[in-house]
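**Q** Let me give you the structure first, and then I'll get to my questions.
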Amino acid sequence: MRYLVYILKRVVSLIPVLLGISFIVFFLIRLIPGDPAATLLGVHATPEAVKELRDQMGLEKPLLSQYLTFLGHLLQGNLGFSYVYNSSVLGLIGTSLPVTIWLLVSGTFFTLLIAVPLAVLAAARRNGVADNIIRAVPVVGLGLPAFLLGIVLILVFGLKLGWFPVGGYGDSLGEHLRGIVLPGITVALTLAPIVIRSLRASMIEVLSSDYIVTAHSKGISTARVVLGHALRNAAVSSVTVLGVNIAYLTGSTLVVERVFSLPGIGQQMINSIFGRDFPTVQGITLVFAIMVVVVNLLTDVAHSALDPRVQLT
Amino acid sequence: MSAVATAGPAVPAGSGGRRRRGRWNAPLVAGLILFGLIVALALCAPLLTSQDPIKQNLQAAFLDPGAKGHLLGTDALGRDVLARLLYGARVDLRVGVVAVISPLIIGSLIGLVAGWFGGWVDAVIGRIVDMVIAFPFLVLVIALVFAMGPGTTSIYVAVTLVGWVAYCRIVRGQVLVAKEQEYAMAARASGLPTWRILLRHLLPNVVLQAIIFSMSDIVLTLLAIVTLGFLGLGVPPPTPDWGTMIQEGQQFILTKWYMATIPGLAVVVTGLALALIADGIVEKANQ
């Protein structure tokens, strides 16, 4: 019950941010140099068609009333209509969003798979050889673009070894799963260094605390002390770091989808940019921001679930 | 009372003879040497190659590295890869550095104002920051570049519009601490105009953290620019750019793996150099 009230409060507190997001997305289209209606319709549009679209978009009305109309449409789930795909923007996003969510889930899964063991190893054998190597990785990894990693993985595991498809999402669940592994690892390799750094630091702090000394002195095995006693407490701060960075990485899914030809919303956004399909670009930008807000909310909830000391207010 | 003499505890004392040995640390030195080398290569591009980076020669397309007159081979349009790499460094480094300076200045000034005045000014700026932060960096930059049309100006404006928030938050936090300190109160009590207190007295004390952050921000900005090029949304062709080169090379990855790998390595080495500098500066500041 306490959780429900907390989550409800958090959702309500998101309303101003969501309003702000809609405001920025609304103004995106006003940045287009010249007449947005003429740009939307392309160079071959007749003046009549431009005028009709101007009326339809309400470009003659004052800015505030234009925004309110836009907001009204949003609340009804109407993100506009794509003239390029001849479909509603919501429909386009509906078919591609699951792919992006799968990619994020797979990326998070592989991040944990890579980061947790390495961070625990580094912290447990502090200043050892493994620790020094693991500590150097984030510095090297920071300047590594995600799309380059993707290309290397395709080259090695897709083309040379043939373990995974070179790109695409397939049609069956099995093909989906095989197709999402390399993109997931690509996302994980850019995210893992940051998580390793944070988890290692908090593990070291926890391992030097009194209750760990007590546990050791009771004769509990090192493995159990590290994994059973220390990891849970150290994980709390890393969940926040992971959450913040998943939000950041939501942006790089766009590039990863492009490299692996995954039909997610990032790929759709790039295609729509080349098709000069403004309503779709606008809609997807909005969805990306909403995803970040939702991930942040889930991070807070996970944080409070892991750490009972966190006040639910 | 001069701002220099009153440099508060926000600035770590680095001049003490005792700490002299800690002035330079290994990552910082390695990063500076590596980055200096890359900048030198970019600046000396006309001396190092006589080839024109945008001149096409379809009869000499797809030459392997080591071909006569083309040390790193040629691309699909017969353009010299070495020349494109060197001139591309000029473009990407310039755009990367310039695109960090304006968010640094604008964000710091807004943060200064938000932290100093507080109240509704701070509240309004805080809300705007929350809005911008809700967007993934790359998504908003891409959407803005798209709306404003391709070109370096659009990239500068887009990165500034999205990037200032980080600096604003950092400086605002620093100002909240600094404005309670004696030198700030003394400046206020002596009746100096507000702009003078802010710019001459507070700014030098609070800007260090922002500058440190800008070092790692350059890495991310450079990556964003290369990524824009890779997606075909960056510096418009035929201007050489590493991201565009990687994207062109990816199409021939099966037969000519080095076409994407050579510019890719350039990005990784530059990223590493900047990351080392950033790491070194953080280490130095923490001493």
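Cβ coordinates are placed from backbone N, Cα and C, and glycine is handled just like the others.
In TrEMBL, annotation is done automatically, which means it is predicted and not curated.
Quick paste of what TrEMBL says about this protein:
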DOMAIN    A:97-299  domain 'ABC transmembrane type-1'
TRANSMEM  A:12-32  transmembrane segment
TRANSMEM  A:101-124  transmembrane segment
TRANSMEM  A:136-157  transmembrane segment
TRANSMEM  A:177-196  transmembrane segment
TRANSMEM  A:278-298  transmembrane segment
**Q** Taking pairs 6 or more apart in sequence, does the count of Cβ pairs under 8 Å between the transmembrane segment (A:177-196) and the transmembrane segment (A:12-32) hit 3 or more?
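**A** No, these stretches are not in contact.
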**Q** Take the transmembrane segment (A:278-298) and find every residue of the same chain, 6 or more past its ends, with a Cβ under 8 Å from one of its Cβ atoms.
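**A** Residues packing against the transmembrane segment (A:278-298) from afar: 7, 10-11, 14, 17-18, 21-22, 24-25, 28-29, 32, 36, 39-40, 74, 79-85, 89-90, 92-93, 97, 100, 243-244, 246-247, 250-251, 265, 268-269, 272.
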**Q** Could you pull out which residues elsewhere in the chain have a CB under 8 Å from any CB of the transmembrane segment (A:12-32), counting only those six or more residues past its ends?
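**A** Residues 39, 66-67, 70-71, 74, 278, 281-282, 285-286, 289-290, 293, 297 contact the transmembrane segment (A:12-32) from elsewhere in the chain.
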